[in-house]
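One structure is given here, and the rest of the page talks about it.
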Amino acid sequence: MDSLFVEEVAASLVREFLSRKGLKKTCVTMDQERPRSDLSINNRNDLRKVLHLEFLYKENKAKENPLKTSLELITRYFLDHFGNTANNFTQDTPIPALSVPKKNNKVPSRCSETTLVNIYDLSDEDAGWRTSLSETSKARHDNLDGDVLGNFVSSKRPPHKSKPMQTVPGETPVLTSAWEKIDKLHSEPSLDVKRMGENSRPKSGLIVRGMMSGPIASSPQDSFHRHYLRRSSPSSSSTQPQEESRKVPELFVCTQQDILASSNSSPSRTSLGQLSELTVERQKTTASSPPHLPSKRLPPWDRARPRDPSEDTPAVDGSTDTDRMPLKLYLPGGNSRMTQERLERAFKRQGSQPAPVRKNQLLPSDKVDGELGALRLEDVEDELIREEVILSPVPSVLKLQTASKPIDLSVAKEIKTLLFGSSFCCFNEEWKLQSFSFSNTASLKYGIVQNKGGPCGVLAAVQGCVLQKLLFEGDSKADCAQGLQPSDAHRTRCLVLALADIVWRAGGRERAVVALASRTQQFSPTGKYKADGVLETLTLHSLTCYEDLVTFLQQSIHQFEVGPYGCILLTLSAILSRSTELIRQDFDVPTSHLIGAHGYCTQELVNLLLTGKAVSNVFNDVVELDSGDGNITLLRGIAARSDIGFLSLFEHYNMCQVGCFLKTPRFPIWVVCSESHFSILFSLQPGLLRDWRTERLFDLYYYDGLANQQEQIRLTIDTTQTISEDTDNDLVPPLELCIRTKWKGASVNWNGSDPIL
């Protein structure tokens, strides 16, 4: 994650503060002097998620006088934890850093979790390319209870006051002397060196991992020791004089009892305990132990793992024998070789080369040990935390092949004419406020909520595609019923895949154009064009690879799911992916448009989202009409079997005929058009349309995002019992009439739900 995203998050924090405080003029001035971009966060919930402030937000709501802004929450957090320390942030007190996902920043982990070690290029920590383990990072970060801003200080303990470095009495002159001697070894000081008298801030990497809390023991020397070992080559290490080799161990003269006491006294193990234990191990693994630190030299495979201060003492953290295995690279996807191969394959698709997983430079004496000595404790990043993952966005690993450009006036005019029939028309408020947000009702978590009438056709089409992903693809195929109870992350992922399928299908499965709002005006409306505040702000992103499209939508899904223009953005993306020229060729009448009176969706728009072509009819193939004078009119219908089906009340009234390409789709999901409204009907049986025997008695589920539905509606369809068509239609729910256009004369049991009339 680059600095631009960090800057945008910070700007969003300021905008939220100004907005919540009612500083409207200041907000306007800020938007003028610093316009928003695609990376701007315009939703307060999204801002809390990015900064991981959910825990603080819940705590704040429970208070008698809750704060109103995220900036105040962060400020109060730091004041509560660090505002009362001695001298109020003196030179020895590190300044906390937010745990915001960014490059070269790691999420703190707990010792009880699975051991993970990330290896990457240590030659330049600020420019090193790091492997992204986004899903693992997210799962691990969600387990951080209480310390949401970086796990600095346990919420159940008062913060420690900053103390000077603890040393063994009488050893201070030796420490100072050793430090000065080692400082002379290099003419150019390393980036990690922080001299005892300097007033500089510690590195943010150390702060984020909680190393600034509690009594800090010999941290400057330890930092230099790590950097020193990193810069030392094998040849220089082997030929180093015995006198110089003793200078490094002299830095670690803090008492082990002090370190272990701070670890044992805490009820829960903190990162300080991990640091202390590993620091003790450093003392043991030193090539030559000083006289005042008696320890026997460990074999190479023992040096690759942390050990206890004594062989007979149990591990401080209660780790099992598994935890004492030789330290290797543990990644969710397998070992380092497998991970590197996957990265190489991914980068080969992108036409670039990945940064290799770093091979450790071993001392000559260690090379004979093979794999057991492949990773030494000194080779881990300078924070020495074993359980850590790198959280960074996908673009940092895979550079997407995306061509982006701002929309111009001519394109905006074409789109408006295609949508409304005139460039003077605009989207109404129902469209502007509609996005693809999911229901919070426990039994309807799969459902997309509709705020008002208007874009129901778009919502129903997207709902059908989301159900396709939830029920019949991926891991959900084994248990369709479980697919109706998705997690928030899973349903968002299915929404991403559904949107990707829609725009990719509209682009002929060769290209896709994704329209995103930038919050900045891209052109000045002139002439025969009426601005609506939406089209003028668009940035158009073209992609020619489906995998890149999914990744891009995953990064931008908040604009579609949270909004406010999610429904509009998808509609425009489908239009631009298909192109305005081809859509006009799809129409029976070239002057047709996609949005009708009162903002209702036309059949052409629904067909565009379901099949990728904006044809005007629902029958199969093409019908030729001969007027008798030699002129033949072509009426275009559905060209192939659709993934999602369609049923219409108009067919019951003999006003249209729905062909089998829509009546019998690949998946048992149907968009239902009834009374100028679109809703969804689906089955949990994937074989419903493949085996006629399953169509004797089966269940269908009905969902209407606009009906304020509070419970699941399950209909039982019985085709063995026929219902007379002469029944008074005024008393028959229109939904039953739509169902009988597919299953003639079938009886419909609402199973206790109130029939929708």
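Cβ from N, Cα, C; glycine included.
Per Swiss-Prot, active site, nucleophile is recorded for C456, and the stated evidence type is similarity to another entry. Secondary structure from DSSP puts C456 (active site, nucleophile) in a helix. Counting only residues at least six positions away in the same chain, the Cβ atoms of Q450, Y600, C601, H677, F678, S679, G705, L706 sit under 8 Å from the Cβ of C456 (active site, nucleophile).
The Cβ of H677 (active site, proton acceptor) has 19 other Cβ atoms within 10 Å, all protein chains considered. DSSP assigns H677 (active site, proton acceptor) to a strand in the three-state reduction. The annotation active site, proton acceptor is assigned in Swiss-Prot to H677 on the grounds of similarity to another entry.
Residues annotated as compositional bias 'Basic and acidic residues' in Swiss-Prot: 190-201 (among others).
According to Swiss-Prot, the feature compositional bias 'Low complexity' maps to 232-242.
For 254-277, the entry in Swiss-Prot reads compositional bias 'Polar residues'.
Feature annotation from Swiss-Prot assigns compositional bias 'Basic and acidic residues' to 299-310 (among others).
Marked as phosphoserine by Swiss-Prot: S219 (among others).
The phosphoserine annotation in Swiss-Prot covers S223 (among others) and rests on a large-scale study or a structure entry.
As annotated by Swiss-Prot, phosphoserine applies to S289 (among others).
Swiss-Prot lists 152-173 (among others) with the feature region 'Disordered'.
Annotation comment: Swiss-Prot describes 190-334 (among others) as region 'Disordered'.
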